[in-house]
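Reading through the structure tokens given below for one structure.
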Amino acid sequence: MDLENKADADGFLPILSHSDESKAEKLPYDNEEQIRIVTGEEIVTSEGVRRGLKVRHISMIALGGTIGTGLFIGTGEALANAGPAGIFISYIFMATIVFSIAHSLGEMAAFIPVSGSFAQFTSRFLHPSFGFAMGWLYWFSWAMTFAIEVNVAGLVIQYWTDAVPMAAWITIFLVCLSAINYFPVKFYGEIEFWVASIKVIAIVGWLIYALCMACGAGDDGAVGFRYWRNPGAFGPGYYASNPDLAKFLGWVTSLINAAFTYQGTELVGVTAGESANPRKAVPRAINKVFYRIAIFYILSILFMGMLVPYNSPYLLGNDDESDAYVSTSPFIIAMQYAGTPVLPDIFNAVILTTIISAGNSNVYIGARILMALTMSGNAPKFFGYTNRFGVPYVGVTFTAIFGALSYMNLSAGATSVFNWFVNITTVAGLITWALISFSHIRFMQALDAQGFKRDDLPFKALFMPWYAWYAGICITIIIFVQGFTAFLPWKPVDFVINYLSLFIFIALVAGHLLIFRKPFQHPVEMDLDTGRREVDALIWDDTPPKNIWEKFWYYAA
């Protein structure tokens, strides 16, 4: 039976062919009776998880997954340091890097759709020691992020009232977000879909609102680029005796902020192992990354710089009216300057749903990374145990337990340690990005060595391999540069904090190398089959949308 021709004739996604016909014997299914037309909900993968995430789930997770507190709140300090032009340039530059990472991961994840994919890709295509170190550091970063988000949720509520103790809010969010992750993955997909939809609608609404305010609908009339002229396009920068050097260092801090804000782009790689028809879902999600970045990030930063001056006392919380954490959000400050009542409260509610969504994703991601570590032999097998819904419940429990660290921030003495965890999460994300780029370079070498043609892949990344080299080198530089504040002047404690995650990564790699002494693999020996062949042998039920609702999300997502 000619499976590839049959798939083409029936309109389904073709099974990938090799340039070397003899390699077709590697397919595990060799007769017609073993080929099934399936839907995602039917599939239980070799890892034990279910492919319950639909195309609209993957697309909206890719769209809304990176939109969080980094954009809504963290941009305030970057705007204060770099000014509107500085932060705008930073986000455009980082967008070019993020686009490369998304394409690198998309090419690998569409071809080999496994749970927690990039942790396995690093082990396969770079070295098991790098996969071990990156996987555990990345898992720890998301476990710590869960604790951070649980704590921030309570801080956001303080925008309205502080009558309820913070410990109570932490407990409520900790229990609820942990419990959600024990349900089937389709429930996670639905929750993230609708919350991401709220975020998308809110940002689109804010962009329209910001355009109207800039053109004269607010109390101050037409703002335009008034604040680019006074107080100026570039902010005061970071401490330096030379004003020009200070402005440059301020731009560097905004560049680092942009890198942290964009983190989460790799979520598509985590969800690939549980997506229905990953050969279709992953490419569709990746293909729209450019437009999402341009609309939701670049335009938001542009309007933010038009409506809020970089010397606003609200940006750094130096005003006398409110000490609420969310009051430093440039989105809300812009509404306050425009004199729009009620809207700041509505947007604060949007930020709260964003944080709840982020906390939900943190546990999901952490559990799937543990499963990926288990599959690559870098974690105990019990982390891969799944319940009857296909949920890795041991991984969920272990990740959720770390959310209790959010209670540390209730103590003044523990706050500094909590900030260490924050730094680990951000730099760990940058290390992951660099390894994704370098893994993709080795992946392309493996394809060539084993006779695969990139033109036959379900998704082919653009401008490769040079684009991957560009992203990998730039991210590596940023990893080393991000801690420059420890040198101006020299502060040993800050140095340790800024580079702690890098030190942990190096220690994990070195320890794994010394203990296991696994050699580097030649590209011809790299595993391109595990996680791929079972998907190759399936013909997916690709029924077109039937009603208006399905058609809307088919094209919108």
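Each position is counted from 1, following the chain as shown.
For all residues, glycine too, the Cβ spot is worked out from N, Cα and C.
Just so you know, TrEMBL annotations are computer predictions that nobody has curated.
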Which range of 58-76, 248-266, 267-285, 324-342 is transmembrane segment, per TrEMBL: 58-76
Spatial neighbours of the transmembrane segment (346-370) far in sequence, C-beta under 8 Å, 6+ residues away: 49, 61, 64-65, 67-69, 72-73, 115-116, 119, 135, 138-139, 142-143, 145-146, 149-150, 152-153, 156-157, 159-160, 173, 177-178, 180-181, 188, 191-192, 195-196, 198-199, 202, 206, 264, 267, 270, 273-274, 326, 329, 331-332, 335, 379, 383-384, 391-392, 394-396, 398-400, 403
Distal contacts, the transmembrane segment (496-516) - CB-CB under 8 A, six or more residues away: 128-130, 132-134, 136-137, 141, 419-420, 423-424, 426-428, 431, 479, 482-483, 485-486
Reported mean pLDDT - the domain 'Amino acid permease/ SLC12A' (57-521): 83
CB contact flag for the transmembrane segment (167-185) and the transmembrane segment (462-484), at least three pairs under 8 A: no
Residue numbers, six or more beyond the limits of the transmembrane segment (462-484), whose CB comes under 8 Å of its CB atoms: 96-97, 100-101, 103-104, 107, 249, 252, 255-256, 259, 427, 430-431, 433-434, 437-438, 440-441, 444, 454, 494-495, 498-499, 502
